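Taking it in order: structure first as structure tokens, then the write-up.
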Amino acid sequence: MSHVTALLMLPVLCSIISTSSAASSVARKCENSLATPLPYSSFTSSSVYAQGCGAGYAKLNRKQGAGGWSPLDTDHYQWLQVDLGSRKQVVAIATQGRYSSSDWVSKYRLLYSDTQKNWRPCLQDGNIWTFEGNVNSEGVVRHELQHVILARYIRFIPLDWSREGRIGVRLELYGCSYWADVISFDGHGVISYRFRSKKMKIVKDVISLKFRTTAGNGVLLHGEGQQGDYISLELRRARLQLGINLGSNQYGSIQGHTSVTSGSLLDDDHWHSVVIERYRRNVNFTLDHHTQHFRTNGEFDHLDLDYERNLTFTCAESNSFPVFFNSTSFLRLSGQSDSDTLSVSLSFRTWNPNGLLMFTALTDGWVEVGLTEGKVTVYMNMTQKKNTRIDISSGSGLNDGQWHNVHLNALENYAMLTVDGDEASTVRTAIPIQIQTGGTYYFGGYFLHSNTRTTQRSFQGCMQMIHIDDHLADLKAVEQGHIGTFENVSLDMCAIIDRCVPNHCEHGGRCGQTWDTFSCNCSGTGYTGATCHTSMYQQSCEEYKHQGKSSGNYWIDPDGSGSVMPFRVSCDMTEEKVWTTLKNSLPPQTSVTSPDQEGKAVLQITYNVTDEQVLSVTSSAEYCEQYIAYACRMSRLLNTPDGVPYTWWVGRANEKHFYWGGSGPGIQKCSCGIEHNCTDPKHNCNCDADLRSWREDAGLLVYKDHLPVSQVVVGDKRRAGSEAKLTIGPLRCQGDRNYWNAASFNSPASYLHFPSFRGETSTDISFYFKTSSTHGVFLENLGATNFLRIELKGSSVVVLSFDVGNERLVLSVHSPIPLNDDQWHRVEAEKNIKEAVLQLNGQYRDVRPTPPQGHTKREFSSELYVGASSGQRGFLGCMRALKIDGVTFDLEQRAKVTPGVNPGCQGHCSSYGMHCKNRGKCVEQYNGYSCDCSLTAYDGRFCTDDVGGYFETGTLVRYDFVQEAGPFALRDAKSLSGVGVPFESNLTQEELVFSFSTSSTPSILVYISSKTQDYLAVVLRHNGTLQIRYSLGGLAEPYTIDVDHRNMANGQPHSVNLTRNLREIHLQLDHYPVSTYTLPEASDTQFNLVKSIFLGKVFETGKIDPILIERYNTPGFVGCLSRVQLNSVAPLKAALRSGLAAPVSTHGILVPSNCGASPLTISPMASASDPWHIEAGAAFPFSEDKASGDRVDRNSAIIGGKSSVQLLKNEWSLISPQELHSLLCFFTFLDRACLSSAAPLHSNTQTLV
């Protein structure tokens, strides 16, 4: 049968124990007056000023006697004590001055005890707390205690008082009764709790107890189950350790033991509260209000616990009487004088590595015992023998806060030093002469004026069990003034504080401390700052790039001060967008071997980062991809006879996926199945053809929420001759949306509001901004008690101000350059329990220490405003990458629903958007703008670069419109981002724009088909003239538009702009005026079910206009096409740009060239003087007779295939303006004639005039 046992190997321990399987009941309201109902005798004090000023008159709002308590002496050794009669919960205190007087206390401390011995100070924010008192005799000042005090005796210690009078006080304590069963253990007792016979397996437990002890080691609670489950609670070196095991699996591969340590200095003989709350494997371990959350190891979540009986005993009192020393304290005691034997022993605890423990003057010389760098050292100086000095030392690391014992014996001709009772390590040394004691001993410090000054600094810490000449010093008698003297010593109290518990050093920083403060060693953590809060690394490769870094391996920390630790990635910055690469452990072309009994082989893919770290990259990335390849020989991949894939891969969150590279979720296909070019058309993967020759299915996985690949299960490996090789590429992600998450504030009154955040002991805020304004509030929180604001002042100063308790801390950073220069600047602010830091642009900083009350967690009761909401002038400009405590605030999303604020950085497109040509869309960016050319037939920064190609004989480009009804239509078209891909639709209006150059006829330039017999065709007839053919139904023959007066097959670039709206058609050729045509009334106006666009030639099934096929389709277009666009579709651009995945195919040779789209360089003119108009019969104003005999005009030169005209300066006056205009037209014509002859070279050409 299982049982729980309390095993106490402690000299003395008192414990209050209760266990249950549910949470404790809701606490009753605890607000009773505790002091007022007490009798006069329950109040005692250090002294009384007069008969009417007794301690019993110190009740709030009472006027009896002299109206309150006043002590005889007004100094720092006075106290007022209240006996509550039994242990009470004290939650608040209120004070007044003495009635109708000039006496009050302006600052005070509280001590508490259960025994009137071993007093403990009231702590707040980890410090001995000083309460603010009164400023007059009648006002009431109340303080809520940060932590409830459980005690019988409360002692009030005045620290400062009225300058006009003396100490005077009336007070009230608020709280309620406290009940508990108390068990006393002597170090040998054991209480066993037997479970009931009925075994219970519960998933939720609450175990609570309180204990106090003077021993640093021992078991408080231990319980075991029949199958190895256990729970234990024990003290080790005065720290509490919880061990719990819910069981391991049958193979033992998952160990269930979990151990957590909490607290420090728990052997102080004060009550400590422990609560253990467990729900399945989740545990909250709370010690004295500090909670650790952890999850147990193993895979089980039940622990056999039941209710137990309660036993009540008394709690034995401790005989310890500690003495507390600060930097100005000393204690003087007497011993034997003129003795030849010196014997002193004591116990001490401290955090300081150096300090004086004891000093005594000898008849001839002196002896000093102290701490030096954590070791006990003894210095003996003998003046008889020419200042003979004897030094001995023992121990190490004794400034660890634990109790240590020191014993020094000097007699006859030797001295012995023993530390912690370890006789084996006792240090002995010879003394050349016999000593003679002086009889006076100083402990903790020595401040008397004499020639024998101590070399040690004062001791800060606690001492007890002081023995002189082997007699225990009666420190109680010292307190009563019967023996010895002291100064600035607190008797019967050890106010040592462990400033490293809880550990305020974050991210694994190592805490070290002295008596007054702590420090953090952040080396090896990846973080820096006073508490190791701030990351040393940038959040992404994107941020490194904008700091001017080049490609390489970098440490990144996406969440900054958050819980995700920094990790190393590869950054590729060679492209406009930055790639972040995470490598895995699988070598390329890894052979798939060792299938299990079911014939499946499992390949694990591990990365050099954790799942959290991977998620931090993919969640903020704009795009991610991972290459996956399966090389096979008689090893099928996806398709099986019953439809269940042979092979699958596992991604994020251990989710199975049945699609392969090049495909997408929900499509059980490989890349070849999407592109319809698999080895066997019956299958959707090459490997599914099940051939004996090697085949491969490869492609990119781009659905980032599924990435990365963590496991691949290969299922077709049992057959003879079956082979497979697997390649999993690195995870590659592009962009960082958090880094560019921005909002524009268009008015000083505009702001974004977010739910208030709760800061931990450390809080950090960072963001980028740019503005042209000189003032503005970046963000603020207007909590009732916790104010915070960051603002820009005077164009060059950033100010951080926030409340800490009753104080307001203000930091400011001055920039040597104006901050309203419309350039990006970075602000970083951090507040922790040691300091506040404000940093600008990574180099200008202001650092201020925080006051002691800065330890409190910031709890904001109002919303956080980005911008100003309090009537202050708000920020006017752009802000991005706002991050608080490692969490990025989504400014863009909130800006979409907030008036006066726009997502992104606005303003550039309104000023510069006109530079985006050819219907390119202006896109706001962090430092300017860009032109989105994806829905145009152009490329380049401003969408002005022609995209064209040279068509050889038989070349054609086909662009297919996607079926709207098809469930996989969009997916089968790969990724359709970056190019407009409309569904099949019925058009009542369209715009077709393109340019071309050719010398061959006849040919089809553009043909647009449909699933009906509707079509639109633009053809060149045999004579080089252009014809437009519309067939929309309703007519026996297609409606044709003939442009008979121009030969368009003259090798020159020509542009065509054809638009239709219902029946009205507009046609513009080159730079000539627009011509208007109208479809006949009998014609339909709807272009039904547009199917495909053909360029250069038609290769289509179904019924096609025979005239097109017979007259124009053979041999096909030969020449250049450019700028082809139908509405938002650019088919030629889709065919020529490999980065645009679209439903487009090419047959024959297509060479990129813009030879069909040389820009127009002259303005429109009348056809009578147009040299392009062949039939015009225009005479050119020059004579061939002027040419030289070698057929070369000496006034011109052919440079790089271009005609460049050099006219002598004195010849300009001989040419009339009309002749000059005609001459320029001629050279334009000549230049384009050269262009047409050069077209087959596929060169990119431009005309210079």
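Numbers here mean position along the shown chain, with the first residue as 1.
Heads up, the Cβ atoms here are built off N, Cα and C, so glycines get one too.
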Partner cysteine of Cys905 (disulphide bond, per TrEMBL) from Cys878, Cys933, Cys943: Cys878
Long-range environment of the domain 'EGF-like' (496-533) - Cβ separation under 8 angstroms, sequence gap at least 6: 123, 126-128, 239, 262-265, 268, 290, 324, 349-353, 401, 460-462, 555, 557, 561, 565-566, 761-762, 764, 830, 832-835, 837
Residues in the domain 'Fibrinogen C-terminal' (532-584) grouped by DSSP into helix, strand and remaining coil: 5 helix, 19 strand, 29 coil
Best-contacting stretch, by C-beta pairs under 8 Å, relative to the domain 'Laminin G' (741-905) and drawn from 23-176, 320-494, 958-1155: 23-176
Other C-beta atoms that fall within 10 angstroms of the C-beta of Cys878 (disulfide bond): 24
